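Engineer: Here it is: the structure, laid out below.
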Amino acid sequence: MIIVTNTIKVEKGAAEHVIRQFTGANGDGHPTKDIAEVEGFLGFELWHSKPEDKDYEEVVVTSKWESEEAQRNWVKSDSFKKAHGRTKDTREQREDRKGIVGNAIARFEVVHVQNPVIVEK
């Protein structure tokens, strides 16, 4: 199992806009239905951090995959390219990058999982 994170550093106050993009709340955001139908996709979460001692916020996009190949197939798909503005003519024209300072992508192989023990009463 593979976990991919995209940690997006944004100016204070810009996180809600980024979150709306990934949840589709803008009406033109991340196609959550499309990713949910990708073979090998296991889950998607958004995390939001507001460090009090920093002048920025972070939105961490996490996705869980059966394999590296499954995740790479998503990145190569037309749905991914459309959602991320990677069409021939739109890459530099995207206004929805406002407030984004930078980002870092990391890949992790899951080496251990501990699930809760369910005790029947």
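Using the three backbone atoms N, Cα and C, a Cβ is placed for every residue, glycine included.
Below, the features straight out of Swiss-Prot:
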- Asn6: Fe cation binding site (BINDING)
- His84: heme binding site (BINDING)
- 78-98: compositional bias 'Basic and acidic residues' (COMPBIAS)
- 2-101: domain 'ABM' (DOMAIN)
- 76-98: region 'Disordered' (REGION)
- Trp74: site 'Transition state stabilizer' (SITE)
Engineer: For Trp74 (site 'Transition state stabilizer'), write down the residues of its own chain that are at least 6 apart in sequence and whose Cβ falls under 8 Å from its Cβ; none is a fine answer.
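Structural biologist: Trp74 (site 'Transition state stabilizer') has long-range Cβ partners Ile35, Val38, Phe41, Ser63, Trp65, Phe80.
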Engineer: Which number gives the other C-beta atoms within 10 angstroms of the C-beta of the residue listed as 'heme binding site', all protein chains shown included?
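Structural biologist: By my count, 14.
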Engineer: According to DSSP, collapsed to three classes, what secondary structure does His84 (heme binding site) have?
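Structural biologist: His84 (heme binding site) sits in coil per DSSP, no helix or strand.
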Engineer: According to DSSP, folded down to helix, strand and coil, what is Trp74 (site 'Transition state stabilizer')?
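Structural biologist: Assignment for Trp74 (site 'Transition state stabilizer') reads helix.
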